[in-house]
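Taking it in order: structure first as structure tokens, then the write-up.
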Amino acid sequence: MLTIGVLGLQGAVREHIQSIEACGAEGKIIKRAEELVSVDGLIIPGGESTTMRRLMDTYQFIEPIKAFAAKGKPIFGTCAGLIMLAKHIEDRDNAHLGLLNVSVARNSFGRQVDSFEADLEVKGLDAPFTGVFIRAPHIISADESVEVMAEYDGRIVMAKENNILGCSFHPELTDDHRLTQLFVEMVKTYKTKLAV
């Protein structure tokens, strides 16, 4: 069985685990860097990016997550997780993990009172997906190597580059598990290549 970890530092960790399990994979909360070896893919959930970075530094996650990605293991960052993955962050001198060749702007749809839901056309899905946006970032620009997966109001809100997937919204806060399933399929593909 596939095992997908959810970084358990902050955010809707339990909801991500439930979504993973609804897709037929095993979900595991990751609280220590050494636990990364036990999972085939990793979800970095939403939360507050500055706090998340501080916790990642405290628990020494930055280099182990970079090494995890370098092995080709898939990573999915949602909301603040997208900010953690981005190579460039507007109004910030340096990136956090720098694994996805995109530039992001934080809180680009407004503060928490401006949280909203929107139906999105997502590449690979046959019907719209309802995105839950909460103090969401968006992707300002993406490298040629990056596949744009979804846009909202002219802004990129989901992108994929090789084994790295990121979105501005919270797929775990709906009962629609198709985006988690998309990530599970990425992890399956990685495992299949490994077995050859």
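Every residue, even glycine, has its Cβ placed from backbone N, Cα and C.
It should be emphasised that the depicted structure is a prediction, and the values quoted were computed from it without experimental measurement.
Counting only residues at least six positions away in the same chain, the Cβ atoms of Leu9, Gln10, Gly11, Cys79, Ala80 sit under 8 Å from the Cβ of Gly47 (L-glutamine binding site). Residues or ranges marked as L-glutamine binding site by Swiss-Prot on the basis of sequence analysis: Gly47, Glu48, Ser49, Arg106, Ile134, Arg135.
Feature annotation from Swiss-Prot assigns active site, nucleophile to Cys79. In the three-state DSSP scheme, Cys79 (active site, nucleophile) falls into the coil class.
What Swiss-Prot records for His170 (among others) is active site, charge relay system. According to its DSSP assignment, His170 (active site, charge relay system) is coil.
The active site, charge relay system feature in Swiss-Prot is assigned to Glu172 (among others). The Cβ of Glu172 (active site, charge relay system) lies under 8 Å from the Cβ of Ala12, Glu15, His16, Gln18, Ser19, Pro45, Thr78, Thr180, each of which sits 6+ residues away along the same chain.
Other than Gly47, Glu48, Ser49, Arg106, Ile134, Arg135, the residues of this chain whose Cβ falls within 8 Å of the Cβ centroid of the L-glutamine site are, in sequence order, Gly46, Cys79, Ala80, Ile83, Asn107, Ala136, Pro137.
The two recorded residues, Ile134 (L-glutamine binding site) and His170 (active site, charge relay system), show a Cα separation of 8 Å. Least packed by the Cβ count within 10 Å, out of the recorded positions Cys79, Ile134, is Ile134. Counting only residues at least six positions away in the same chain, the Cβ atoms of Ala12, Gly46, Thr78, Cys79, Gly131, Val132, Phe133, Ile134 sit under 8 Å from the Cβ of His170 (active site, charge relay system).
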